[in-house]
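Reviewing the structure listed below.
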Amino acid sequence: MPLSLRLSPSPTALSPTTGGFGPSRKQCRIPYSGVPTTKIGFCSLDSRKRGDSSVVRCSLETVNVSVGQVTEVDKDTFWPIVKAAGEKLVVLDMYTQWCGPCKVIAPKYKALSEKYDDVVFLKLDCNPDNRPLAKELGIRVVPTFKILKDNKVVKEVTGAKYDDLVAAIETARSAASG
């Protein structure tokens with residue numbers, strides 16, 4: 001299905017330095033009626049003035065935010081998914097393939113994702129490709145669980161401590177609803 005795009009420049013979109021359009025990033029929500037998935041689209045407009053016409057580049061990316069399951073993320077998909085989760089609580093399991101305790105808690109973590117249908121559960125493999133994100137989030141040991149609300153870490157559990165993880169999720173859910 002072709003995409004038709006009509007742009008009319010607003011006075012605020014004009015760049016005073018170039019007399020044309022400056023690069024801008026627009027975010028738009030794309031409604032999706034599927035349950036239990038929410039989709040959000042990001043449209044980036046980068047326009048430049050060329051003579052009497054403007055060149056516009058637009059890209060659209062869809063991010064799925066699922067509840068009732070564990071979603072694998074990486075350094076490129078983590079923040080868009082957290083932002084798309086909106087007001088939902090997000091729990092991130094940071095693990096490695098070789099970690100014994102990570103393997104032990106993985107099925108319990110999956111069961112938690114099925115129990116809490118109002119929480120988004122994510123997994124991040126702390127491999128060399130994802131090291132920048134792991135460093136940004138301050139990981140020191142695996143597994144580490146980070147609980148986020150409104151794009152901010154509100155709780156952390158280090159180690160495969162199932163009871164501590166459940167207590168942290170319950171505390172964060174209570175704080176979010178109260």
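Glycine residues also receive a Cβ, built from the backbone N, Cα and C atoms like all the rest.
What Swiss-Prot lists as active site, nucleophile is Cys99, Cys102. Positions annotated as compositional bias 'Polar residues' by Swiss-Prot: 7-18. For 58-174, the entry in Swiss-Prot reads domain 'Thioredoxin'. Here Swiss-Prot flags Cys126 as S-glutathionyl cysteine. If you look up Swiss-Prot, you'll see 1-22 marked as region 'Disordered'. Here Swiss-Prot flags Asp93 as site 'Deprotonates C-terminal active site Cys'. What Swiss-Prot lists as transit peptide is 1-57, and the listing cites sequence analysis.
Projection of Swiss-Prot feature records onto the structure.
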{"residue": "Asp93", "record": "site 'Deprotonates C-terminal active site Cys'", "Cβ neighbours (10 Å)": "26"}
{"residue": "Cys99", "record": "active site, nucleophile", "Cβ neighbours (10 Å)": "17"}
{"residue": "Cys102", "record": "active site, nucleophile", "Cβ neighbours (10 Å)": "21"}
{"residue": "Cys126", "record": "S-glutathionyl cysteine", "Cβ neighbours (10 Å)": "21"}
DSSP-derived structure type at Cys99 (active site, nucleophile), helix or strand or else coil: coil
Between Cys102 (active site, nucleophile) and Asp93 (site 'Deprotonates C-terminal active site Cys'), the C-alpha gap once rounded to whole angstrom: 9
Pairwise CA distance, the residue listed as 'S-glutathionyl cysteine' versus Cys99 (active site, nucleophile), rounded so that it is a whole Å: 11
Inter-residue Cα distance where the pair is Cys99 (active site, nucleophile) and Asp93 (site 'Deprotonates C-terminal active site Cys'), in Å: 13
Secondary-structure category, per DSSP, in which Cys126 (S-glutathionyl cysteine) falls: coil
Averaged pLDDT score, the domain 'Thioredoxin' (58-174): 94
DSSP-derived helix, strand and coil totals, residue by residue, for the domain 'Thioredoxin' (58-174): 45 helix, 40 strand, 32 coil
